[in-house]
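Inspection log for the structure reproduced underneath, given as structure tokens.
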Amino acid sequence: MKFLDQAKIYVRSGDGGDGVIAFRREKYIEFGGPDGGDGGRGGDIIFRAVPGLNTLIDFRYTQHFKARKGGNGAGSNRTGAAAANVTINVPVGTQIFDEDRETLLADLDAEGKEVLLCRGGDGGLGNTHFKSSTNRAPRRADKGWPGEERWVWLRLKLIADIGLVGLPNAGKSTLLSVASRARPKIADYPFTTLHPQLGVVRLNNTEEFVIADIPGLIEGASEGAGLGDRFLGHVERCATLLHLIDGTESQIVKHWRLIRKELEAYDPELAAKPEIIVLNKCDSLTPTQRSAKKRALAKASGAEVMMLSGATQEGLPELLRLLQDRVTAAKRDRQG
């Protein structure tokens with residue numbers, strides 16, 4: 001399935017049905033009074049977050065959503081039928097912005113969460129409402145009220161517990177594939193991952209977490225280089241960042257600082273999230289290189305550095321256990 005994390009769509013709720021002009025027509029009643037019914041309500045436009053979706057690709061092909069008009073009133077004071085609502089299903093984590101792309105209208109960050117974006121128009125009044133002591137046979141009825149319309153932007157920010165970040169070719173896709181059921185494309189060249197990937201890591205029957213792998217970041221990502229500003233949005237909701245660094249590179253400290261700089265430039269709150277630093281591809285390093293690089297990275301970051309080999313899975317069980325503990329603790333804190 002193709003991945004799409006932004007889409008512009010048009011939505012319009014239904015107009016209200018028209019009220020009608022009608023009079024009683026009964027045997028032996030020559031001058032029946034007014035009995036025109038009201039129009040029915042127009043359909044609403046509702047957005048709902050549902051599980052099982054992780055892309056906005058459907059909105060590339062369907063971009064206009066319109067609810068129906070309410071039914072017109074009828075004689076005998078019959079009200080027109082209300083039109084059915086139009087419910088638009090979107091992935092959990094979808095944000096809805098106004099056409100200016102800045103005004104946030106709704107954040108559907110939980111399964112089942114809904115927002116009524118365009119309310120259907122009210123039905124018009126039938127002539128029964130206009131009867132008075134001086135006007136016993138009113139020939140007036142109201143048209144239904146118009147519905148609401150607008151263009152909106154949808155932006156998907158994936159919901160994951162762990163955000164996997166790093167430069168291109170750091171081994172993120174390999175780690176995701178061995179740690180979860182995800183099967184991302186893997187090759188030994190930069191930018192193998194072209195869009196965010198989600199994987200579920202299940203340690204046992206009761207413990208699991210979701211990890212998001214975003215395409216490798218490059219310098220200037222926070223300003224849009226390589227679409228980095230869009231990709232970074234997918235780790236904003238993560239509780240912990242897993243920063244993967246290619247241990248075979250000569251300038252590992254520089255690479256760590258580059259990613260930290262981009263996180264800070266994009267959003268200081270994102271940079272302030274807890275970070276686990278992992279030196280990957282350690283199977284390609286000698287014991288002396290391992291020790292020296294781990295020490296240099298720990299000194300620069302002021303944090304513990306874990307050693308990992310995605311290829312041989314060295315250090316993987318320890319890393320997954322640490323990630324699960326972080327996720328469990330974060331959920332416990334949120335629950336108060």
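Cβ atoms here come from the backbone N, Cα and C positions, even for glycine.
Swiss-Prot has this to say about the protein:
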- 166-173, 191-195, 213-216, 280-283, 309-311: GTP binding site (BINDING)
- Ser173, Thr193: Mg(2+) binding site (BINDING)
- 1-159: domain 'Obg' (DOMAIN)
- 160-328: domain 'OBG-type G' (DOMAIN)
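When the alpha carbons of Lys281 (GTP binding site) and Ser173 (Mg(2+) binding site) are compared, the span between them is 13 angstrom. In this view, the densest Cβ surroundings among the binding-site residues Asn169, Ser173, Ser309 belong to Ser173, judged by other Cβ atoms lying within 10 Å. Figure note: comparing Cβ neighbours within 10 Å for the binding-site residues Lys172, Lys281, the maximum is reached by Lys172. Gly166 (GTP binding site): 24 other CB atoms within 10 A of its CB, across all protein chains. Reported as a whole number, the C-alpha separation between Gly166 (GTP binding site) and Ser173 (Mg(2+) binding site) equals 11 Å. DSSP assigns Lys172 (GTP binding site) to a helical segment in the three-state reduction. Here the domain 'OBG-type G' (160-328) has a mean pLDDT of 81 out of 100.
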